[in-house]
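Residues or ranges marked as active site by TrEMBL: K171. Per TrEMBL, domain '6-phosphogluconate dehydrogenase NADP-binding' is recorded for 3-160. What TrEMBL lists as domain '3-hydroxyisobutyrate dehydrogenase-like NAD-binding' is 165-291.
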Amino acid sequence: MAKVGFIGLGNMGGPMAANLVKAGHAVTVYDLSEAALQQAREAGCSVASELTDVTTGADFVVSMLPADHHVEGVYLGDKGLHKVLDTKTLVIDCSTISAETARKLSKELAASQISFIDAPVSGGVGGAKAGTLTFICGGDEAAVDKARDVLNAMGKNVFRAGDAGAGQVAKICNNMLLSVLMAGTSEALQLGIAHGLDPKVLSEIMLQSSGRNWTLEVYNPCPDVMENVPSSNGYQGGFMVDLMAKDLGLAQQAALRSGASTPMGSLTLNLYRSWAQLGHGREDFSSIFKYVTPQTKK
Ligand code: NAD
């Protein structure tokens, strides 16, 4: 059993912390939201009254926060954890942030002899609840190996992509591809519906044909084709449009820096940003299905 401090109990972090408790770890949590803390308490976590309290005696500190500035603030800010972390504690950041920020954290914490790995995840809220996430790690091999027991309590795959920041690079490559698959699947379904096809039948046809992809398998964007997915729940409770737009922004920044050509990623970034600007930022990213609704014929 390990002692784990956990920061960020949102759609992903809440169920991840609960799975750590189920696996027998002692988990102390912190979040800005009282509702999130209450749920964690009910799941068997201890609640810290201040951020820095999560580090007390911790073998691991895990964070699952929205974006770069949240993570940087929590670890390196004026009241940040870098001032109180013990050298025995391994820091595991599971948020999706830029590779640069992950490398900066790794370097600054290493200056105080604190080990850090970036370990962003794939698998969505369903994977977080079921404990079947994929962790995509960056950091030295010994640190990734040390994290495996804790990560395996929340997921089923642990990959090491390379040194610090490499997990974040692999993660944004994956999410850029996911955005293209989601937008393309939505367009295909809307085209079929516009021609009178039943979306359930069309989904089954594409699932058994060359258009098969993860969105059709487990995350269909058309309402009522699948149960227990955000599209059948008013596009609530999944991976927010705002977060997908953030990840696509990170992918484009990375592409600019490296000279990589990512025209499809650029298209989906624009699509998701404008969908967010139209007021859908807090809906699940499969709501892009509604953006490609056919125009009514005059
Ligand atoms: P979320 O917005 O549901 O949760 C974020 C949580 O962090 C909230 O509870 C918020 O109160 C808390 N928080 C923010 N600032 C804080 C601070 N300074 N101190 C303590 N708590 C703070 O987000 P999410 O969907 O859980 O996503 C978290 C991360 O995981 C993001 O980087 C996202 O890109 C990534 N991710 C999400 C999904 C998904 O399907 N939702 C899938 C893979 C990766």
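Placed from the backbone N, Cα and C atoms, the Cβ positions cover glycine too.
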For the domain '3-hydroxyisobutyrate dehydrogenase-like NAD-binding' (165-291), the number of residues DSSP places in helix, strand and coil: 90 helix, 2 strand, 35 coil
Mean per-residue pLDDT computed across the domain '6-phosphogluconate dehydrogenase NADP-binding' (3-160): 97
